[in-house]
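Database features (Swiss-Prot):
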{"type": "BINDING", "residues": "C40, H69, E70", "note": "Zn(2+) binding site"}
{"type": "BINDING", "residues": "R221, G309, T310", "note": "NAD(+) binding site"}
Amino acid sequence: MQTTTALRLYGKRDLRLETFTLPAMQDDEILARVVTDSLCLSSWKEANQGADHKKVPDDVATRPIIIGHEFCGEILAVGKKWQHKFQPGQRYVIQANLQLPDRPDCPGYSFPWIGGEATHVVIPNEVMAQDCLLTWEGDTWFEGSLVEPLSCVIGAFNANYHLQEGSYNHVMGIRPQGHTLILGGTGPMGLLAIDYALHGPINPSLLVVTDTNKPKLSYARRHYPSEPQTLIHYLDGHEASRDTLLALSGGHGFDDIFVFVPNEQLITLASSLLAPDGCLNFFAGPQDKQFSAPINFYDVHYAFTHYVGTSGGNTDDMRAAVALMQAKKVQTAKVVTHILGLNAAGETTLDLPAVGGGKKLVYTGKAFPLTPLGEIADPELAAIVARHHGIWSQEAEAYLLAHAEDITHD
């Protein structure tokens, strides 16, 4: 029997780090260890809502679930049903958005024996049956934990659409060499969107990014400059008026707009900036079920503007993310700003918006406090990070895994 230490959700803002024995692996299941999990704002929302969250079971108070859905690890044992496809020793990542036909269940939200904030998990049959367990052959564990968030961005870009000229047929994806606007776009997901817009398969000719956080804007400006095919502008959100943004587009407006903050004023602003046949993607998931905002329906009718919303990617998006990352076309390491051990994951999850910065990377088998990359106390690890220009790296990860204190199972 396998013992695990895991962060479990019991109710609203009730996260508990506990050690317990996992049930024996069945013939249609897989036993695995988790090495890394990156914290997601969706987990903060989940922890705040508890059983009110649509993916969290009603009986979570008596049947707690393991939180965390952006994880990477190693397969330890494979049940007979899946031995033709998976083997012990393989690294894996999971597409948490299972898209089950009869229920909204997802790893990290709904299951008692699987989630990213754990040392060991039992992967249920549903994950493999939905083709949501993918092998990972990247150089690092931590980049495997960033596949899922990148897949969400890929899904959003794929969901946008425009009309085929002279018809009502939809051409999926952002407009090639069009004008793209990202509002509230310097958080970790926004940075991934910038990277994907610059280095993905379809690139805009103009990319404008706004945010009200000046340090985050400076970070984005430093790490994501213009490319030959894409001119990029970064604007302080306080100064990004409609007139200013419209002028940057040459008066044309924007073909694709992504809203990364659930804010009524931003949505209304975005609506007013859509070009004819433009598409607005509401990426940010609100907690308020009554959330709404005024939009321009005159333009919906006469200018063929479109509105979409996406919540996560699918397995195809995940495979695309894996391919981009393994080919090193998208540099997801740039979004990591903090590291922590499993012991600090609960407090950090509950306080996530206030922490600031980019992605917080949990090494689930280790015990150490939440640490910004610029404040690492270990001089050798700090020197490694400095050598990589402040970016988390394979070298840094290997050092941490070899030298950080192990989490205790007690």
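Glycine is no exception: its Cβ is also placed from the backbone N, Cα and C atoms.
Projection of Swiss-Prot feature records onto the structure.
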{"residue": "C40", "record": "Zn(2+) binding site", "Cβ contacts under 8 Å, 6 or more apart": "H69, E70, P149"}
{"residue": "R221", "record": "NAD(+) binding site", "Cβ contacts under 8 Å, 6 or more apart": "Y234"}
{"residue": "G309", "record": "NAD(+) binding site", "Cβ contacts under 8 Å, 6 or more apart": "N281, F282, F283"}
{"residue": "T310", "record": "NAD(+) binding site", "Cβ contacts under 8 Å, 6 or more apart": "C152, G155, A156, A159, N281, F283"}
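The residues near the Zn(2+) site, meaning same-chain residues not in C40, H69, E70 whose C-beta sits within 8 angstroms of the mean position of the site's C-beta atoms, are D37, S38, L39, S42, S43, G68, F71, A96, G108, G116, S145, E148, P149, in sequence order.
Mapped onto three states, the DSSP output places G309 (NAD(+) binding site) in strand. Across the residues the record lists as binding NAD(+) (R221, G309, T310), the two Cα atoms farthest apart are 27 Å from each other.
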